[in-house]
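Since the structure comes first, as structure tokens, the remarks are kept for the end.
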């Protein structure tokens, strides 16, 4: 197997990507293609499932061709994907009966309120680890059944299949031969019992969703079956599946209980490995499955922040104080601190651990001496402060003191932000050499399943440090910063609560 590689497919919200990895975890080739975002009404977000498939199949073939290889050079394929996005298709024709309803879509918010009024919230959280929210797949499936003509009847006949994006890709790669998902994607549907590791009949009944629609749930690392499409001339084992944040946690080698990663993207996703036991959150975090390898289940706590790197886009597009995202570090570095200015970027409400949908963006501490540099500094600081709030909630829920924070995503390239994150956390922020941790995690899961890599210990030895940011800010200054942030958060909530 010396000349073989692992192909990772990373199907995201705005683009489909493919990457080839070698035995040392290095990227050999990559391909990417964006696809259309569909907004039929305010608050609705859809994708064309056929375009998801065609772009993903296209970049898979392109990545292999670019490397001068063919299918025989690929030892296995791993899939990672945007989570919760819901596709329902006809088993007989293989055609979707409606567009994919994307995780961001809010059309079922009123129905979620009805479920809460029926007293289901506590039961759903106890079984699935999730709150009732339109973010997750369950109410999206229900909407399709209720609003697409003939869907209920076809579902009763057993003709309809539901899947998250991973299931849809596997179905197409195997020409309808496999209807499967993995435990991580199942754990984001609001229908999967994370304790029994089975679809929950009580929740299916409450939501009036036929069990016959659902995929078989498998481990995150196992051989599901071979490809059967013309994308590759040879049959390649499909051998790893994980939702994007779960794959990133594994790609960061956060394999021990208490290890945490933060992905700094448009928003921020913080995930903590909690070992073999699910921890029920008392601090508005989500309990989820990190991954399953063999019979071993790892659980996780997750907190999502709505506005992370997006605050930099706002400085560029909304305020016009920078021309491109790369300028923010230079501008923010031109002052030694924010001079008492705090930005709470609640442009779409506050996410974990506050969960305040009515909160709006607020800027505090502004004086005549406030400059664009101070606002830029406050914007960067806000990403670190919000991450701190989630990490403190994780520590409170788990009883584990975080030893270090592993970082990835676009904004982790900003050294000023990473240093401030370490300063206010009081622990090191650690950036890996391979920034593509999501795709790498999918590759690792697939490679383990086919013996390309021996075990997790071998993978641990591959994790390479790019830079370690060590806390350097004096304790008194950290306290002053955090006191100011807490005042700003309280004021933002007060603004939201004032009619």
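These residue numbers are counts, starting from 1, taken along the chain as shown.
Glycine too: its Cβ is placed from the backbone N, Cα and C atoms.
Taken from Swiss-Prot as is:
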type	residues	note
BINDING	13, 83, 84, 135, 244	sn-glycerol 3-phosphate binding site
BINDING	13, 14, 15, 266, 309, 313, 410	ATP binding site
BINDING	13, 17, 266, 309, 410, 414	ADP binding site
BINDING	83, 84, 135, 244, 245	glycerol binding site
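In this structure, residue 414 (ADP binding site) belongs to neither helix nor strand by DSSP; it is coil. Looking at residue 410 (ATP binding site) and residue 245 (glycerol binding site), their Cα atoms lie 14 Å from each other. Our reading of the sn-glycerol 3-phosphate binding annotation (13, 83, 84, 135, 244) yields a largest Cα to Cα distance of 15 angstrom. Of all the binding-site residues listed (245, 266), 266 has the fewest other CB atoms within 10 A of its CB. Mapped onto three states, the DSSP output places residue 14 (ATP binding site) in coil. Reported as a whole number, the C-alpha separation between residue 245 (glycerol binding site) and residue 13 (sn-glycerol 3-phosphate binding site) equals 13 Å. Residues 83, 84, 135, 244, 245 are listed as the glycerol binders, and the farthest two of them sit 15 Å apart at their Cα atoms. There are 26 other CB atoms within 10 A of the CB of residue 244 (sn-glycerol 3-phosphate binding site), with all protein chains counted. A separation of roughly 20 Å, to the nearest angstrom, links the Cα atoms of residue 309 (ATP binding site) and residue 83 (sn-glycerol 3-phosphate binding site).
Neighbours of the glycerol site: apart from 83, 84, 135, 244, 245, residues of the same chain with C-beta atoms within 8 angstroms of the site's C-beta centroid are 82, 85, 103, 188, 243. The closest partner of residue 266 (ATP binding site) among the binding-site residues, by CA position, is 13; the full candidate set was 13, 17, 83, 414. Sequence-distant neighbours of residue 15 (ATP binding site) (same chain, six or more apart, CB under 8 Å from its CB) are 32, 33, 34, 35, 55, listed in sequence order. Residue 313 (ATP binding site) sits 24 Å from residue 83 (sn-glycerol 3-phosphate binding site), taking the C-alpha atoms as the reference points. With residue 84 (sn-glycerol 3-phosphate binding site) as the anchor, the candidate binding-site residues are 14, 17, 414, and the one with the nearest CA is 14.
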